[in-house]
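Undergrad: This structure is in structure tokens; I'll ask about it shortly.
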Amino acid sequence: MVNIFGIIVFLRMGWIVGTAGAVNAILLLGFCTTLALITVFSAIGIVERCQIQSGGIYSLVSHVLGGRVGGAVGLIYTLGQAVATGLVAVGFAESLAHLFDSESRIFIKVIAILTLVVLTGINTAGVSWIVRLQLLLLTFLALAVLDFLLGALFTSDPSSGVLRFSYARLRENAGPMYAAVNCTPIGFDRFIPEQSFFTVFGVFFANFLGVLAGVNMSGDLKDPHKSIPLGELSAVGVSSSICFLFIMILGATGDRLSLICDNLISEKVALTRVLFMVGLYICSLSSTIGSLLGTPRVLQGIAAEGIIPILNPLAHGSGPNKNPVMAGVVLMGVASVFVLLGDLNQLAILSTMPFLITYAFVNYAYVSLAMTYDLANISHATENASTYGSMHKLGDLDELFPERQQQIPTAVEAGGISSQPATWYSMFSNRYIAFVGCMVNLLIIFLIHFSFAAAHFVVMIILYYYIGRACPACTPGISTFSIPHMFRTAFSSLETIGVFNRGPFVLTKEGPSKELLTEQLNESSSDYQDRKQYHHAEHVTQELPSTID
């Protein structure tokens with residue numbers, strides 16, 4: 001839950017409600033939650049049916065779709081994690097700048113980069129026990145949420161744009177306000193450009209970037225098949241419920257301009273404000289540490305595969321646990337670059353796109369896995385089907401030509417794919433739902449920002465072909481199903497039956513001359529005398545008894 005409920009809720013939920021309106025904010029919440037759950041169920045299905053114990057998202061995609069796709073997706077995912085790390089660092093710097101009563105962008109960027117450097121140094125020293133204090137972090141997070149909820153009942157500060165809870169104000173803030181806003185009249189030296197539904201979605205979805213944290217920790221869980229579904233679904237459910245409360249409270253207590261312009265409007269709603277800010281600081285620091293601990297190991301795993309030679313130095317680690325020091329430094333450097341390039345909203349959109357691509361391929365991996373299992377079972381059933389007729393009696397061509405026989409393994413033998421286990425959530429691990437989720441994810445990427453989306457896909461295609469050239473022998477994956485092959489097969493079948501056959505037909509008055517002989521093949525050639533007589537007739541005669549009783 002710490003990985004889901006984070007900096008966007010604390011610092012940008014007011015902007016989301018003020019820009020999109022309370023109604024659209026609730027729709028966005030439902031939409032983001034649905035897309036996240038589809039991906040979670042797809043990942044759970046892959047883990048259960050392939051018995052993958054560790055490795056996270058990169059191993060899931062590589063195991064099913066192969067090293068080329070897995071490597072490209074893994075690097076895109078690592079890029080998204082680097083941007084998300086910079087996003088959280090900027091959020092922490094924004095909240096810290098509030099203590100010094102400063103809105104300087106340079107000050108915020110310097111604080112964010114210093115935070116990344118210090119936390120990377122802590123991780124390099126091997127101090128990773130902070131991330132394991134999840135219960136303590138959840139306690140501070142719960143206190144911050146409680147402080148906010150109590151403030152909705154008792155806080156009123158008209159000078160800050162916070163009023164008493166009012167249904168009339170909720171109706172006023174129900175509709176969207178996507179037009180550009182000048183925040184100077186209410187004391188904020190900033191100009192908010194024009195927005196759209198999908199740009200707000202890009203910022204909101206950044207709150208769901210950690211939904212697969214449980215899958216990434218599968219190797220550290222005692223019973224991942226039980227812990228992952230329970231933990232993932234509980235975290236998404238609780239986080240979405242809290243987001244809903246934030247939307248309703250901010251919509252019913254905040255002035256529209258204050259919601260859009262004041263990044264800390266939620267802090268002004270809180271009762272004590274201190275507990276809220278402590279929760280914000282701890283949540284942002286823990287999320288940053290978690291990213292700086294987990295993501296370098298993903299990058300180290302990709303480098304260890306040897307599919308990208310330029311990354312080979314990152315495969316080495318220090319200490320008995322092979323701490324990925326070099327990979328951590330690279331991640332910190334990439335995150336620092338993005339901190340310098342954009343503000344929190346821009347980083348949220350940039351981090352959303354790589355994760356949407358990753359989630360799309362996780363969904364497609366489950367579709368391909370399920371189809372491979374079914375195709376393998378159909379092939380196995382066809383191989384074991386009974387043979388009828390005289391050919392079965394006399395011996396068929398497979399006995400004559402043993403090399404023709406194809407031993408098709410069962411689905412379990414072909415890569416270790418098992419059937420869908422019977423659980424209460426198994427109906428949601430569905431290939432058709434996963435396919436729809438995959439297509440929606442890819443579509444939304446272009447609707448958020450077409451140029452950024454095109455750049456991501458160009459980079460991914462380049463990585464795919466580069467990995468193929470640099471590592472021709474990389475694992476092909478256990479999946480034998482692909483949508484392009486399916487369409488090629490379908491169109492070739494249509495051409496075979498003449499749907500797309502537009503060629504001319506040549507008809508002749510007389511057929512070709514031919515001669516029919518009744519001799520058997522074995523009688524006319526001694527070359528095949530050792531073979532069984534497949535082309536022959538048998539005459540069965542039986543004499544009738546002379547007398548009938």
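Backbone N, Cα and C define each Cβ position, glycine as well.
The domain 'Amino acid permease/ SLC12A' annotation in TrEMBL covers 3-370. Per TrEMBL, transmembrane segment is recorded for 20-44, 107-129, 135-154, 197-215, 235-253, 274-293, 324-341, 348-367, 432-465.
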Undergrad: Average pLDDT across the domain 'Amino acid permease/ SLC12A' (3-370)?
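TA: Mean per-residue confidence for the domain 'Amino acid permease/ SLC12A' (3-370): 85 out of 100.
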Undergrad: Same-chain Cβ contacts of the transmembrane segment (432-465) under 8 Å, 6 or more residues past its ends?
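TA: Distal contacts: 35, 38-39, 41-42, 45, 68-69, 71-73, 75-76, 198-199, 201-202, 349-350, 352-354, 356-357, 359-361, 363-364, 366-367.
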Undergrad: Where among 20-44, 135-154, 235-253, 274-293, 348-367 do we find the most Cβ pairs under 8 Å to the transmembrane segment (324-341)?
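TA: It is 274-293 that shares the most Cβ pairs under 8 Å with the transmembrane segment (324-341).
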